[in-house]
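Engineer: As listed in TrEMBL for this protein:
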{"type": "DOMAIN", "residues": "101-324", "note": "domain 'Anoctamin dimerisation'"}
{"type": "DOMAIN", "residues": "327-910", "note": "domain 'Anoctamin transmembrane'"}
{"type": "TRANSMEM", "residues": "338-365", "note": "transmembrane segment"}
{"type": "TRANSMEM", "residues": "416-436", "note": "transmembrane segment"}
{"type": "TRANSMEM", "residues": "499-526", "note": "transmembrane segment"}
{"type": "TRANSMEM", "residues": "546-567", "note": "transmembrane segment"}
{"type": "TRANSMEM", "residues": "594-612", "note": "transmembrane segment"}
{"type": "TRANSMEM", "residues": "711-737", "note": "transmembrane segment"}
{"type": "TRANSMEM", "residues": "761-785", "note": "transmembrane segment"}
{"type": "TRANSMEM", "residues": "865-886", "note": "transmembrane segment"}
Amino acid sequence: MLGGSLDLQTSKAAPAAALRLSTAQKAQSCSPGPPSVLRPGLLATGDVAASKRPFLTSHPSRPVLDNIEQTAVSSFGALESQPDFRTPEFEEFNGKPNSLFFNDGQRRIDFVLVYEDESKKETNKKGSNEKQRRKRQAYESNLICDGLHLEATRSVLDDKLVFVKVHAPWEVLCTYAEIMHIKLPLKPNDLKTRSSAFGNFSWFTKVLQVDESIIKPEQEFFTAPFEKNRMNDFYIQDRDTFFNPATRSRIVYFILSRVMYQIRDNVKKFGINKLVSSGIYKAAFPLHDCTFNHKSEDVSCPSERYLLYREWAHPRSIYKKQPLDLIRKYYGEKIGIYFAWLGYYTQMLLLAAVVGVACFLYGYFNQNNCTWSKEVCHPDIGGKIIMCPQCDKHCSFWNLNITCESSKKLCIFDSFGTLVFAVFMGIWVTLFLEFWKRRQAELEYEWDTVELQQEEQPRPEYEAQCTHVVINEITQEQERVPFTTWGKCVRITLCASAVFFWILLIIASVIGIIVYRLSVFIVFSTKLPETLNGTDSIQKYLTPQTATSITASLISFVIIMILNIIYEKVAIMITNFELPRTQTDYENSLTMKMFLFQFVNYYSSCFYIAFFKGKFVGYPGDPVYWLGKYRNEECDPGGCLLELTTQLTIIMGGKAIWNNIQEVLLPWVKNLIGRCRTVSGAEKMTPRWEQDYHLQLMGKLGLFYEYLEMIIQFGFVTLFVASFPLAPLLALVNNILEIRVDAWKMTTQYRRMVPEKAQDIGAWQPIMQGIAILAVVTNAMIIAFTSDMIPRLVYYWSFSVPPYGNHTHYTMEGYINSTLSIFNVSDFKNQSKGNPDPKGVIPTTCRYRDFRNPPGHEQQYKHNIYYWHVIAAKLAFIIVMEHLIYSVKFFVSYAIPDVSKSTKSKIKREKYLTQKLLRENHLKDMTKNMGVIAERMGAVVENNLRPKLE
């Protein structure tokens, strides 16, 4: 139901009576029943001592609860003989595979529970099976006692499986809609919608839009939190459709998560999640409304899954906009906001990709004009420059021109276009974040989640641990919390220590990769020339530096994937121990932990190459050693920028391939195996619930991993874009496919998720803002310290002409010679002295990449004046670039409000009209009641006066 929010306050305290069903309904469902549902606001799933949980709903009769308590001591010995327990009605499959109703055709299936019949399990643990059966019977009995209707049907393909269909009747839906503060329609929204700014291009945008004759626009409503005592105020035309299937599933899941099934050793256990994790139930899920490739035969069924597959997930719809309203209606706001954000991010990437490709083409077409690359490749310049060995003893002297091909490639990425693109991306990321805030505010209004935070209930796992009584500072009333302030500090300290330990583990793995680079470079320097002797075409491209870089990147990628798998489980354990209060708090806490880990895991190797490799190497006569043993790595004469580009390409490409394998092939293969196992019964007609059972479970954190994947990509696109201008293009292509792959996966391979509310993208928003701020610094430092742009500019404007240069005009000629310092071979220490060159000749001098004085100078091997000019220019460039981009970012952020003026007006207007509507209805009710009272008083007066008159 679309529409805005309103300022309508509902009852904060939900009394016990609000949870009780009507007398007639209780008589119908369960006469003597237990207090199986916990009070709203203090609800739980899991285990908690009964003596510490005084907030269970009271119930007029307690025979079943007493029976549970009695049998808890005796391990449920007499539970099966209790006559008070209610069991589901067993019905045979009626032969209607697409039916979404009980066998009576009237009661809609809102949820499905699946279990394996304990009497038919192939196991010797009969006692264990009996305990599981009795827990399940107690749980199902309490569901019936709380007003839910259950109907059980045995599997068509596997006689051991039993499907329990759950239906929530009208009275239960109304009761829990009020408890959960669910907003429901009051009347149709007659506010005029704003015309599109691209109305003149409707002929073009119509091609991209979803066909409205296929997916009809949703009607908008004024909404308000539901109240049973004001039911007449709501727009109830049909009780069967007033609560849509997504809302019904939310309400039923709310009940399932809070119904008790056991009391043992003064500990109450409750909740479907714990029952599924312990194996008592095999699955619990809401139903898809039809198959994804065929419409439902039921005319009343909207076949929304089929429409989503046809207009959203099918490859032929790849160019169309997403039907976000239908996604939100079918899967809930949480999934809807994810696809809205991913679609908006992909649209903004289009602009970045165009500019990035333009900068790449600029560098590509100008590479032949790259003077310093020509000098490297020239046989009389680069061919005659002998470079010093890059490792001790095993490495030989080498000629500069062997890096000819890498220098040509470097000209493509290390150009003036890269600087322009880095500045552009600093502004682009700000525009993206600010415009997304506006779009998010529009969705909050349209999807009615403006005041969602007031509605969110505590997590059941949190409430299960509420054993400490404290005084609320605001209300000055007693409330229960899971731990004291000291206990909270201890938990936070332990969690922070665990996260810090894993970050140190990643840093240790990075150090291991560095040691690998240092040690294997010696091997490649010794073996590659011998192995590739006579194959100049290969030797020209596969240098020791290139081989080391590629193999180290591949090993780094494998280590990253392994650590990811392990840390995911550790992060979930840490967050569970931390015990956040609401689901939003839980996800935000897990998000920060996972991202902090992933940030170090994915980006540490890139930061090393960009800012540390080749920066602290000393000079040939006095090299710097790692751990006192391994000589520090050096960059190619052209710098480490090309190696950073290689690292980014391997990690981004490898990550995309790995994720697609996980997201597409894995669920598809699992479902294929499941279908092969049941091929013997393939000719049988299977019901809707059994078809959905054989699909894959997405899990509560499935959407979290989708966000994490995209945010890591966002970091690659922004943090290191100065070294790889094609990153936005790769991200754009990946995201276009990602949207459709995720859509295909959700509509065809996974069970339907329980719809959840969400107001925004949560903690991912501040994470992206942090990345945007850091990206300005990293790109400025990449241009300054990793690329050779600043040294080239300093040479061009200062050192190519007098007093430092010999040229009469500004030029790049002689740049290579000026950036390579001279070293006297006789000054080598024994341990660092290299082997002779391939011809067996030991030169008297060699060159190395640095700005130092030559031998014989009064300050030989000390940094020369060129070095200090370059350092000053680099620092000045960083300061100017950072301040320039930050100033523009601040101005853009200030100039673009988070919520547009039209959206603010709509929200205020709707609040006003809604409150006016409710007041008018309230006055009508009061007038009507006063009229009835006046009539009754008149009748009483008339009856009293009539005898006197007679």
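One-based numbering along the chain as shown.
Placed from the backbone N, Cα and C atoms, the Cβ positions cover glycine too.
Unlike curated entries, TrEMBL annotations are predicted automatically.
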Engineer: Roughly where does the domain 'Anoctamin dimerisation' (101-324) sit in mean pLDDT, to the nearest integer?
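Structural biologist: It averages 84.
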Engineer: Could you tell me whether the transmembrane segment (499-526) and the transmembrane segment (711-737) have 3+ CB pairs under 8 A, leaving out pairs under 6 positions apart?
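Structural biologist: As far as Cβ distances go (cut-off 8 Å, pairs 6 or more apart), the transmembrane segment (711-737) and the transmembrane segment (499-526) do not touch.
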Engineer: Below 8 angstroms Cβ to Cβ, which residues of this chain, lying six or more residues outside the transmembrane segment (865-886), approach it?
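Structural biologist: Distant Cβ neighbours of the transmembrane segment (865-886) are 422-423, 426-427, 776-777, 780-781, 783-785, 790-791, 793-795, 798-799, 804, 818, 850-852.
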Engineer: When you check the transmembrane segment (499-526) against the transmembrane segment (416-436), do you get at least 3 Cβ pairs under 8 Å, counting only pairs 6 or more apart in sequence?
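Structural biologist: Between the transmembrane segment (416-436) and the transmembrane segment (499-526), which are separate recorded stretches, there is no contact, as judged by 3 or more close Cβ pairs.
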